[in-house]
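Straight from TrEMBL, the features:
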- 36-59: transmembrane segment (TRANSMEM)
- 71-88: transmembrane segment (TRANSMEM)
- 130-151: transmembrane segment (TRANSMEM)
- 192-211: transmembrane segment (TRANSMEM)
- 258-279: transmembrane segment (TRANSMEM)
- 291-311: transmembrane segment (TRANSMEM)
- 461-482: transmembrane segment (TRANSMEM)
- 494-518: transmembrane segment (TRANSMEM)
- 558-581: transmembrane segment (TRANSMEM)
- 621-641: transmembrane segment (TRANSMEM)
- 688-709: transmembrane segment (TRANSMEM)
- 761-778: transmembrane segment (TRANSMEM)
């Protein structure tokens, strides 16, 4: 079989898988066919519900729990795959048709054919392997209960076990072989069809499209290096390569849209699935059937993770090879052609094609390594829990999940809540009004905190001193908590109770101090961003682009404000409730506690004047804790939202508003001016927020570790559980917000440079335009750096999560 025939067979295989899965991109298809992904989604949701219910039911039995856990990740991945292909059906069709047209055009040239088909075996063999492994795994799941039922029938075993293909728990299944059992068995059997063809089709098409992109990049590299005889031919070849590269960049964007969430879910779930399978293999009694399932299923998940990560690395490597080929294409022999030299230079300033998953992580072999490392870490953690369960078998306790189940059942309005969380389309007028409300909300928070940047004429003398009061209050409370930790250093439970507040109090003082020091710079930042944003908002064509991420930022702000308000309300009200309860019950001696775990020399536990003054002081500190924390963090998000919106607007202008060389020249000039202003805004944000983020990174890991220890290692009451959970979620979201916003601004800066490159500058041959393009492309993407120490991105959040896990395991071990 020739390589061309192999390619045709590979393409037919991928097409057949997508067709049988109901997700092949077609313009004209029947209504029934278009509803197949919806059926896949519903089926996966039902199975996901059944498996999660099975895990909750067997939460205290770790061996049985991990059996269900290995399926939770797979069904959640099925849901994401079906959902993404429903949402991005049109983009998937555009990707398919664009690559097919470009690839078939290159295949017609017999000179390029060996080049573009050179990697065919690297892509088709893994696709076939994944398909057969899925088929083998699902066959074992389907036939295992049938074989057991048949065996028990032949041997006359009573009572017979009427099990289902998958480890699920549904309220309508009671273990009897009635009509409901048979319907459920058929339902899970048809679910297997979707698992085989949706999973196989999505994974195979990912490799197939990247194979086509890699072949095109190799053909472009070969063309640049080997088919040049004159300056005009070189210029024509480079012109065609630039057009193809821009087409490939568009395909890259579509692949990121469709497969980004899939890869992110894969990263999160494959580690859990592999961990559960490893635990099952080494910690439970194995039969031949179970061993076959675990080996085949584990091999499938490993190859699946390796495919996605390795193909991402290959596309980056081939993109870099294309740039090397352009550099090695003897351009120096045609140095008299200035236009040609500028084209070469502009191509070389482009970054390689890199696939990014949801602004979260580059899709490369590093993902595979992280998945394997994480799965092994989770395995050892599960092993530790299993050893503890064995030790505690003589004194069984009610699990945390079981304690929370009644609360879940009593939550009668959960369906209404889910409906309210759905995104509803609004007109642009409503979107602008939402933006105004968001801006007013953030400003109100900063004003109430006393740190809104106003000139001396705009504010009173008292208002200008409020940041000093906030800093002083924070320092006093920091001293009190440190003294509490020192007094209880031998008692780890009490020590961690105070430790969880040390970082937060230091962060509050630092935030107020930075806003006090950089009051003028913040006023300048507002004076630059607000007019630029408002002026751009007046253009109705740019308004949807500018406000496209509005809900993302404002929801985070509102959620964070509610969480921090709830946390402080719990801290302040808890001692009052205890005092009132003891008075009603006439309990003696009474405990006069303070809102926060502090220790001051003037407080001796009696309800005197010093106690009342201290209580009022801690209440006013609670005011600063709420509004300083929420306002500073919300303002950071608001500034990033404005910068990202402006980046998107100027990118859109460059790509779609140009109809002539003069238009492009004027638009490019304005974009460069705006870009320079945004770089200055970035510098101010770094000056103000750099120390804040640096402190956040140092303290959040400690705070979350201490809270985790409190939850798992100390006796919990309802109020303590509620307090620690709300406080922990708040700190987790706070860290994630800063890290994710930093990653978004990096991504938008890179997208701006890419759109500048894609604005058809090559069609005008204007030297002034090309100089401007070249100057923009030589700039690095916008990156926020904390105190010249590290970049603010999601890597920061991941590192902190790892530190929390290590620290918490160390504390548990020491305890």
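The backbone N, Cα and C atoms fix where each Cβ goes, and this holds for glycine too.
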Non-local residues, at least 6 beyond the ends, that sit with Cβ under 8 Å of the transmembrane segment (130-151): 13, 17, 157, 160-166, 185, 189, 192, 195-196, 199-200, 203-204, 289, 292-293, 296-297, 299-300, 303-304, 307
Chain residues in Cβ proximity to the transmembrane segment (494-518) (below 8 Å; excluding those fewer than six residues from its ends, i.e. six or more beyond): 449, 451, 453, 467-468, 470-471, 474-475, 477-478, 481-482, 484-485, 488, 596-598, 624-625, 628-629, 632, 684, 687-689, 691-692, 695-696, 698-700, 702-703, 706-707, 709-710, 727, 731, 811
For the transmembrane segment (258-279), sequence-distant contacts whose Cβ falls under 8 Å of one of its Cβ atoms, 6 or more beyond its ends: 62, 66-67, 69-70, 72-74, 76-77, 80-81, 84-85, 88, 91-92, 95, 202, 206, 294, 297-298, 301-302, 304-305, 308, 355-358, 360-361, 363, 367, 370-372, 374-376, 378-379, 382-383, 386
Selected stretch (most C-beta pairs under 8 A with the transmembrane segment (192-211)) from 36-59, 558-581, 761-778: 36-59
Tertiary contacts of the transmembrane segment (36-59), as residues 6+ beyond its ends and Cβ separation under 8 Å: 21-23, 65, 68-69, 71-72, 75-76, 78-79, 82-83, 85-86, 166-170, 187-188, 190-191, 194, 198, 399, 401-402, 405
Long-range Cβ neighbours of the transmembrane segment (558-581) (under 8 Å; 6 or more residues past either end): 441, 445, 587, 590-596, 618-619, 622, 625-626, 629-630, 633-634, 719, 722-723, 726-727, 729-730, 733-734, 737
Beyond the flanks of the transmembrane segment (461-482) by at least 6 residues, Cβ under 8 Å: 449-451, 454, 498, 501-502, 505-506, 508-509, 512-513, 515-516, 596-600, 617-618, 620-621, 624, 628
